[in-house]
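To start, the structure itself, in structure tokens.
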Amino acid sequence: MQQTFDRHVFDLSTFFYVLILLVYLCLSHWLERMKHKYLQGPGMAIILGIFMGIILHVAYEQESAVKFADLYAYLLPPIIFNMGFNTTGESLMAAGRYIMHFGIVASLIFFAALMLVINSLFSHFTTLDGQPINASVYQGISLAAALVAVECTPGMCQFPADRFPKLRALLIGEGLLNNIVAILLSCAVAAEPPPEPSQWPPMGLVGFKVLYFLITSASTGFLFGLTISFVYNQLSDSPYSYLLYRYPSRSVALLFIWAYLGYVVADYLQFSPLLTLMCTALTMANYAWHSLSQEGRVVATEATKVASYFGEAMVFGSFGFALVAAWRRPGALSIPFILVLFLLVIALRFAILYTIAGIVYVCDRLFIRCCSPEALMSEPKGKELLLLALTGGIRGTVAYALILARTPPLDMRADSDRLLNTTVVGVSVLSVLLLDGLTPLALRLLKATDGIAKDADALPLKQPFLDGAPSAAVEGRSADRAGGGAHARLDPGESPSSRYESLPLSPSRRVSHDARENAEPAQPAAEPRKKGLAKWWSALDREYLRPLFGGQPEETLSTQPSGSYPLPPPPAAQTGPTAKEGIVRR
């Protein structure tokens with residue numbers, strides 16, 4: 001009798017995950033075009049996951065959960081890489097004082113307060129089956145370390161860079177450091193478990209492990225990032241530069257594979273792979289990205305965005321499946337505990353943020369001679385602090401990954417271990433659905449758009465897209481399909497950027513173009529003086545790092561990309577009846 005084998009790779013839950021991804025991508029464009037974004041992509045993925053989890057449970061009596069190996073191997077790396085790849089050193093250093101205070105000091109205070117409160121709350125709540133929460137002190141500390149991490153994606157969608165430059169810089173920088181602190185704390189707590197689950201771990205050894213993981217993981221990430229940046233910078237000035245510029249997709253793919261190799265090496269060496277990947281992406285964004293051609297930059301930015309979309313859709317969709325699965329296990333779910341913990345996270349977030357901002361404000365006024373006027377003018381106002389507290393209270397993918405790494409495999413988990421996972425999922429779902437919807441409402445009630453959008457002291461942010469090229473390509477797509485246009489095949493020696501110069505503007509953009517042409521030329525804003533950490537970093541970066549690892553000078557950053565296709569000189573201003581046609585400028 002011939003033996004048969006089951007060669008089915010996918011199960012029914014995989015079909016629902018792919019369906020969530022499909023609907024997520026189709027509806028994300030519609031959500032981004034909404035004037036008031038009360039629901040973002042993560043919230044939509046959670047709702048889809050809950051709906052399809054109910055179908056999977058009721059119709060097929062099955063449940064689904066993301067495996068730890070799949071999450072860390074495939075879903076989480078694109079999300080972490082996207083966080084670091086869209087952040088520049090200039091934006092971090094320009095708001096360095098408040099980013100350091102909000103991202104490091106506030107995170108440590110938040111962890112200490114949350115650690116004490118969670119362990120005291122365990123004995124006051126019960127699960128759905130009426131049993132008291134049987135969680136150890138070590139599990140409470142692991143839960144507190146995971147909840148320190150924030151979700152930056154909803155906040156970045158709410159605050160475009162052109163309207164909220166300073167607030168967006170604070171949000172990205174503070175969220176980046178916040179996640180780094182959460183990753184270090186979680187790794188340190190896992191490396192130094194107490195002798196008994198009911199005992200507190202030695203906090204001195206935990207602090208030593210934090211420094212150990214910080215030095216080893218960050219050094220590994222910077223080493224991988226600077227190595228590929230150095231190679232790309234040397235290739236760009238060598239006879240082999242065609243390897244970078246003739247095949248932009250391969251150059252970008254090499255960046256991603258090299259970053260993933262560093263991620264694998266850090267995990268093999270038992271460092272923190274998440275921190276290593278974040279540091280690698282941050283280094284590549286500041287140096288290696290500038291050695292790519294214009295097409296390579298667009299490909300790199302779009303590829304990271306799409307890959308992050310895939311990971312977020314799968315992870316947030318799994319939150320919905322996890323909630324439905326937790327409902328079937330009453331011993332692993334405590335709804336009152338989740339609600340109280342969610343309110344506690346928000347209250348601590350507001351209290352710590354406003355306290356630190358008040359202390360910095362008083363110190364600046366007491367020692368005003370030591371503080372530059374630019375630093376005083378760049379202080380976040382009350383409206384910005386409120387919005388920063390709302391968006392920084394959202395938990396999501398990193399928190400779920402950290403708590404999943406601290407629990408046993410799925411078939412070996414006790415109810416207390418499942419309780420930790422469902423608690424993080426519940427807090428993340430509430431924060432995404434409620435706080436993500438409250439942010440645009442707060443924008444409208446506070447009328448924060450008027451005060452923040454016109455801020456003259458806007459912090460510099462990286463703009464990876466070439467201004468005008470994507471929009472011009474979209475508007476000229478119908479003409480390209482008819483024959484010719486920006487997307488037609490290039491002639492030998494022709495620059496792709498020259499194709500965009502001749503594309504006409506759409507009627508909706510011609511009005512704004514005419515207004516800009518008729519308006520009086522604005523006086524260039526004086527560049528604020530750099531002091532302290534920003535001045536030191538700017539000098540080090542300009543004199544030593546950029547000549548060695550690549551990157552444009554500060555005054556031409558993101559406006560004159562390097563590569564084999566130099567940008568043409570700006571055309572002269574048009575006059576007469578042809579002025580309405582407009583010119584798409586980079």
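Positions of Cβ are set from backbone N, Cα and C atoms, glycine also.
Remember, predicted model here, so these are calculated numbers, not experimental data.
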Among ranges 72-89, 450-467, whichever one TrEMBL labels transmembrane segment: 72-89
Within-chain partners of the transmembrane segment (101-125) [C-beta distance under 8 Å, separation at least 6 from its ends]: 132-133, 135, 137, 140-141, 143-145, 147-148, 170, 173-178, 180-182, 185, 334, 336-337, 340-341, 344-345, 348-349, 352-353, 356-357, 360, 388, 392
Interface check, the transmembrane segment (271-289) with the transmembrane segment (211-232), three or more C-beta pairs under 8 A: yes
Best-contacting stretch, by C-beta pairs under 8 Å, relative to the transmembrane segment (72-89) and drawn from 211-232, 244-265, 309-327, 425-446: 309-327
Recorded stretch that, among 12-31, 43-60, 169-191, 211-232, 244-265, has the most CB pairs under 8 Å to the transmembrane segment (309-327): 43-60
Recorded stretch, among 12-31, 43-60, 169-191, 211-232, 333-364, maximising Cβ pairs under 8 Å relative to the transmembrane segment (244-265): 211-232
